[in-house]
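Quick notes on the structure that follows.
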Amino acid sequence: MIPPMERPDFQISLIDAAQRVTIKGAMTLPHATTTEADFQTIATDRDVHLDLSGVTRFDTSAAWIIASLDARLKDAGQTLEINGTSEEIKSLLRSVTAAMPTPTVVEQPKMTFMDWVASIGQSMASAFMYLAELVGFLGLFLARLVRSLRHPKDFRLTALFHHCEEVGLKAVPIVALMAFLIGVVLAFQGSTQLKQFGAEVFVVDLIAISILRELGILLTSIIVAGRTASAFTAAIGSMKMREEIDAMASLGLDPAMMLFVPRILALVIMLPILGLIANVMGLLGGGLMAWIDLGISPALFMTRLVEGTDINHVIIGMVKAPVFALIIGVVGCHAGMQVKSNAESLGRMTSSAVVAAIFAVIVADALFSIFFAGIGM
Amino acid sequence: MNQPNDTDREVVISIRGLRNQFGSQVVHDNLDLDIYRGEIIGIVGGSGTGKSVLLRTIAGLNRPKAGSVEVLGIDVLNAHQDGRADAGVNWGVMFQDGALFSSLTVRENVEVPMRTVDGLDPQLRRALADLKISMAGLPYFAGDKYPSELSGGMRKRAGLARALALDPQIVFLDEPTAGLDPIGAADFDQLILGLSRSLGLTVFLVTHDLDTLHAICDRIAVLAEKRVLVTGTMQDMLTVDHPWVHEYFHGVRARAALDTKAAASGPTKD
């Protein structure tokens, strides 16, 4: 805070054909508003003699006020005479007068109906472009994958193992815990509803089908999308930001081969494994809760599980995993390549990669449901 | 340059026995420095000698392990933030890349410090911000731009405009000409010199730019061996018998800068 000071004393008196304006005190920013209001009361129909000999402090705001008075008087054909100024005030006035900005008003174009329609069209077009780019990225990944089959020496096995550990092994605790709790919740909620019909034993079917067919792999994919898509974007994006990707290209190294193939492939390998772990943990949690809450013994649970649940549910669940992995990997790597040379775009792309990956996974899951319903599985 | 004796001049920044330490690495030890009103002092030193740390310490962004820093007679290390403001002690800092708030336009950036002034009319604040932007050598339309839309040189100027928003008595500039082309750097030097003289500013300048040192600095302080090794004018620097200082001011680049300066000002310059 700027300390409060006495507001400057302002007086206008008329002498002959001119006005004498006397100011005493500190002409500084805290009182600039009132000082400016005082100066606005000075009539511009005659010359002004400004006496600053009583001014104790003077800053650029004061210089601006005087310079704008000078401009107003000039417009009205009058002159401003300044007396009693020190050398410092004079030099400040000179440089402020020289720097007085001349506003250039830029006409803001008005938004018409056509502009609005055009902006909708543009956002639609960019959405399709985005989709096309993702497909292009998928194609690039597949092409490089085939290439690495023909030239195994180009393939970076160490990087693949590293990323398998990063996206797979390190995600096991969170995925396992999440699936276990989902199983517990399903058993608990299912049992309270099914008890009303005396159909407690069907809680096993409820848990098994929902976990194996849908929730196990879907929730795993959502967690992996949040964890890994952001990590891919951040890692590739920061390399893009520091021109490391350009450096690779200039050294004859293929960024797609070096960066995308190991990451996406690691995800394609690890996501089904994570999904399997989630399935087992989900059943474990559900079974435990069913035992505690409904008294369904583990042996009964196993029998009911094997008899009542079709193996198709497991297959349908696991088939989705590599597809979800491709989606997450491609979205994450693509977003990383969109990062510009500033830190804001890195943050923006990282969060948009997570949103896009989760959204795409859920859309794909819905399409799978329609497809499997269509073929009667 | 004809300057009065040191004893006649008002000391605005006084540093005594400063010690800065990060972990086991001692950056400054028993560092003393006086800075006088109205001068432009250039701080030079090799990489890692703590030039920026010194700037940050005086500007209150870094707390030293020991020592005292007095700015305009106020002990800034122990003064409360409000106490500092009440005493009218204010300073502006221009960071290397301007450090503008990226979500605000340049004009809004310059207005930020002015918002702390009670009862300042928004219209007037805007006009004053435009004035500062213009004084920093930016065109009027730059006020409506966001920092990301400006070039590096313009961002530095906008950072300077924000640093000058409250008419500080002291400004700290961290490598003001780093990353500018020679013409832009020379323009910036002249801008600093002009503002310093017309606003009566004391300028604390960290730089590597020998041209800047030649062109605008009244005094140079060399940081080496964890303290201020020597202070003095450019002429004094040329006679200092210390290997680093000698290398710095007698190297190929220094010679070139000196020649340019001599050619520009003519042989009569002292």
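Just so it is clear, glycine is given a Cβ too, placed from its N, Cα and C backbone atoms.
The model shown is predicted, which means the values in this text are computed figures rather than measured ones.
Residues or ranges marked as domain 'STAS' by TrEMBL: A:21-127.
Positions annotated as transmembrane segment by TrEMBL: A:127-146 (among others).
Under the heading transmembrane segment, TrEMBL lists A:167-188 (among others). Sequence-distant contacts of the transmembrane segment (A:167-188) (same chain, at least 6 residues past either end, Cβ-Cβ under 8 Å): 203, 206-207, 210-211, 215-216, 219-220, 223-224, 227-228, 231, 263, 266-267, 269-271, 273-274, 277-290, 293-294.
Annotation source TrEMBL lists transmembrane segment at A:215-236 (among others).
According to TrEMBL, the transmembrane segment annotation covers A:257-277 (among others).
Same-chain neighbours of the transmembrane segment (A:314-337): 133-134, 137-138, 141, 212-214, 216-218, 220-221, 224-225, 228-237, 239-240, 245, 259-260, 263-264, 267-268, 270-272, 275-276, 279, 349-350, 352-353, 356-357, 360-361, 364-365, 368, 372, 377, counting only residues six or more beyond its ends whose CB sits under 8 Å from a CB of the stretch. Positions annotated as transmembrane segment by TrEMBL: A:314-337 (among others).
Counting only same-chain residues 6+ beyond the ends of the transmembrane segment (A:349-375), those with a CB under 8 A from a CB of the stretch are 214, 218, 221-222, 225-226, 229-230, 232-234, 237, 316, 319-320, 323-324, 327-328, 331-332, 334-336, 338-339. Annotated transmembrane segment per TrEMBL: A:349-375 (among others), in sequence order.
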Sequence-remote partners of the transmembrane segment (A:257-277) [C-beta within less than 8 Å, at least six residues beyond its ends]: 137, 140-141, 144-145, 147-148, 154-156, 159-160, 162-164, 166-169, 171-172, 175-176, 179, 216-217, 220-221, 224, 228, 232, 236, 239, 245, 248, 317-318, 321-322, 324-326, 328-330, 332-333
